[in-house]
Amino acid sequence: MSSFSKIKALLPQLSNSEAKLANFVLDNAQQIRTLSSIELAQAAGVSQSSVIKFSQKLGYKGFPTFKLAIVDDLNLQSLKQLNKSENKAASSDDPVIDLATKLIQHQQTVMEETLQLNQSDDFNQVIAKIKSARKILITGIGSSNIVANDFALKLQKIGLPALSQVDEISASAYLATMQKDDFFIAISTSGDSKSIVKLAEQAQKNECAVVSISKYGNNALVENSDFTLHTAFEKEPVEHAGVLTRTASTLITDILFLGLTQSHSRWQKRATLANENMKVLRHN
């Protein structure tokens with residue numbers, strides 16, 4: 001997992017000093033090769049203890065292993081790809097075509113970083129649970145609801161017992177009928193929405209397996225999940241629009257869907273037939 005992806009994903013939940021250090025690392029990645037922990041602290045304007053704690057927060061034993069991870073990432077990718085400012089922010093003066101180009105760049109970045117935050121085994125475990133589930137409930141909060149509905153429809157196309165519920169009351173009522181052999185998929189970018197956390201808690205009380213699709217790092221939803229798939233963080237081109245968060249979450253659900261269809265030829269045929277039937281309905 002890329003150290004740069006970890007840092008970007010954790011940015012929204014960092015303290016001021018941690019964020020200051022994180023931004024320095026992202027903006028000056030090449031300098032980290034030659035800096036000691038003391039020198040990095042001085043350059044970033046934080047204490048040496050902050051550097052060590054920050055390294056540990058990212059999952060490294062200390063600064064030396066964090067520094068090695070940075071060097072490894074720099075060797076694998078060009079500085080242009082890793083630089084925080086590679087994707088310029090959209091401006092109100094930009095022509096529409098330029099806005100579209102910048103949006104594509106941001107979407108590509110968030111998708112690449114989302115992939116780096118997850119392992120193949122993470123996807124395979126969730127795919128296996130979906131395959132064996134007697135019932136599947138998918139719930140998304142805010143803009144994630146669009147992703148939940150889309151994923152439920154895809155699963156229905158291949159004959160899987162999936163349902164998407166928008167509001168907490170309906171989801172809770174359906175969860176009351178679910179048990180050990182069922183699967184609850186919770187989608188929340190922040191992972192801190194009280195309503196979806198309560199639903200995850202209810203699912204676990206019913207011995208129903210839970211997978212969360214949320215931002216990288218610890219949050220209440222992750223703590224109440226059996227499986228976790230992470231989405232990367234990228235600043236939205238328009239505040240609260242949820243464009244990039246949907247991009248990241250949709251990538252996760254699309255990977256799961258492709259993994260399911262490719263694992264069974266019968267499901268591939270069902271998906272094709274469902275699409276053909278939908279085309280007929282549109283033209284009638």
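Note: Cβ is positioned from N, Cα and C throughout, glycine not excepted.
All annotation found in TrEMBL is predicted automatically rather than curated by experts.
Annotation source TrEMBL lists domain 'HTH rpiR-type' at 1-77.
The domain 'SIS' feature in TrEMBL is assigned to 126-266. Across all of the domain 'SIS' (126-266), the predicted model scores a mean pLDDT of 90.
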Mind tallying the domain 'SIS' (126-266) by DSSP state, helix then strand then coil?
67 helix, 25 strand, 49 coil
